[in-house]
Amino acid sequence: MEDNLPVNVREYQVLAKKALPKMHYDYINGGAEDEYTLRENIAAYGRILLRPRVLIDVSKIDMSTTLLGYNMPSPIMVAPTGSHKLANPEGEVATARAAAACDTIMVLSFSSSCKIEEVASSCDAIRFYQLYVYKRRDVSATLVRRAESLGFKAIVLTVDTPVLGRREADIRNKMIAPRLENLEGLMSFDDDLDTEGGSNLERFAHETLDPSLSWKDVEWLKSITSLPILLKGIVTAEDARKAVEVGAAGVIVSNHGARQLDYAPATISALEEVVKAVAGAVPVLVDGGIRRGTDVFKALALGAKAVMVGRPVFYGLAARGEAGARHVIEMLNRELELAMALCGCRSVAEVTRRHVLTEGDRIRALL
Ligand code: HOC
C-alpha cells in the first residue's frame with residue numbers, strides 16, 4: 001500500500017495538475033468562456049442541504065441499482081471524456097479496467113484515444129458508447145456498428161454539441177488535440193490542422209461536427225442500430241419530453257462538463273425539472289460537478305437513477321493510472337455509502353426528495 005494516498009477527489013485534482021502539462025490540464029479542467037457554468041456545476045451542489053433521518057438501523061447499506069436492465073453495485077458510472085492517453089499511456093484501456101474492477105458501467109467516448117476494439121478486449125464489462133454525429137454520417141454509422149458488434153450495450157448520443165463551445169484556455173494554449181484513433185482509415189486527416197490562431201480542436205470540430213443535427217437524426221440513429229439510445233445534454237423539461245416522444249431509452253442531464261454553453265444551468269439545478277417532465281417514462285441520469293458521495297446522494301434524492309463522473313476519474317488516471325481511476329470510483333462509493341447511512345437510507349430506493357433541502361425549497365418556505 002502506497003503512503004499518503006489522496007483521501008478525496010480534490011486531492012486527486014491537485015496531483016493531476018502537477019502531473020500534466022498545463023495545456024492538457026487546462027483542456028480537461030476548463031470550461032466555456034467565463035466558466036460561470038463550470039463553477040456553478042460544483043457550487044450548486046453546495047447550496048443543497050441534507051435532511052438526515054435518525055434512529056434507523058443502518059447496519060446494512062445496499063447501494064445497488066439497475067440501469068436498462070443491467071445490475072450495478074452502486075449508481076456511480078464513468079462518464080465519457082476524451083483522450084485518456086493525455087492522462088496515462090494506457091488511456092481508456094486503464095479506465096475500462098478500473099470501471100470493470102468496480103463493476104460499474106463506463107461510457108466510452110467517441111474521442112477515445114484507444115481503439116474501441118482495444119477497450120472491448122481489455123476486460124469483460126457492460127459498456128456504453130458515446131456518439132457525435134458527423135457531417136459524414138457514414139463515419140458515425142461505422143462507429144455505431146463497430147461498437148454494437150463489439151458488445152457495447154447502448155449508444156449515448158451527445159446532443160449539446162452541434163458546434164464546439166468556446167474554450168478560451170485552449171485557444172490561449174494553442175491546444176493540440178490528439179488524433180482520434182477510431183477515425184483511422186475512416187477519414188483523412190488534414191495535416192494542415194495546426195494551431196495557428198487557436199486550438200486545433202476548434203478547427204477539427206468545425207470541419208467534422210454537423211451543426212444541422214436535429215431530432216430527425218435520432219430517427220436516423222434508431223434506423224441503424226438496435227441498441228437503446230440515451231440522449232446526453234438535456235437540461236430543459238421541453239427537450240426531456242421530446243426525448244421520450246422520439247423513443248430515447250434514457251435522458252442524461254448534462255451540460256458537457258460546462259464546456260459548451262456558458263450560463264447554462266448547473267446540471268443539479270436542472271435535474272428536478274427534467275425528472276418531472278419525464279415522469280418515470282425513462283431513467284434520468286446526471287453528470288457534471290460531482291466531487292463527493294453527498295453530491296451523488298443529492299442527485300438521487302432529486303430523482304436521478306444514476307450519476308456519471310468524468311473529470312474525477314480522469315484526475316485519478318493522471319495521478320496514479322488505473323489504480324488511481326479505480327480508487328476515485330471506490331472513494332465516491334464509500335462516501336455515498338456513508339451519506340446514506342448518516343441520512344438513514346438503507347437502499348437507493350429509500351433516498352427521497354424529503355432528504356434534501358434545495359434553494360428553491362428555502363425560498364418557497366419564505367413565501
Ligand atoms: C470530434 C469533435 O467532448 C470535449 C470533447 C470533444 C468535443 C469535440 C468533438 O472536449 O468536450
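Note that Cβ sites are derived from N, Cα and C of the backbone, with glycine treated the same way.
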* So TrEMBL lists Tyr27, Tyr132, His256, Arg259 for glyoxylate; which of Arg97, Arg166, Arg167, Arg172 goes with them? -> Arg167
* To do: Compile a sequence-ordered list of residues in the same chain as Gln130 (FMN binding site), six or more apart from it, whose Cβ lies below 8 A from its Cβ; state 'none' when nothing qualifies.
  => Pro80, Val107, Leu108, Ser109, Phe110, Ile155, Val156, Leu157, Thr158, Lys232
* Local backbone state of Arg311 (FMN binding site), from DSSP in three classes -> helix
* Who sits close to Asp287 (FMN binding site): which same-chain residues at least 6 apart have their Cβ under 8 Å from its Cβ? -> Ala79, Lys232, Ile252, Val253, Ser254, Gly257, Thr267, Val307, Met308, Val309, Gly310
* **CB within-chain contacts under 8 A for Tyr132 (glyoxylate binding site), separation at least 6** => Phe110, Ser111, Ser140, Thr158, Thr161, Thr208, Leu209
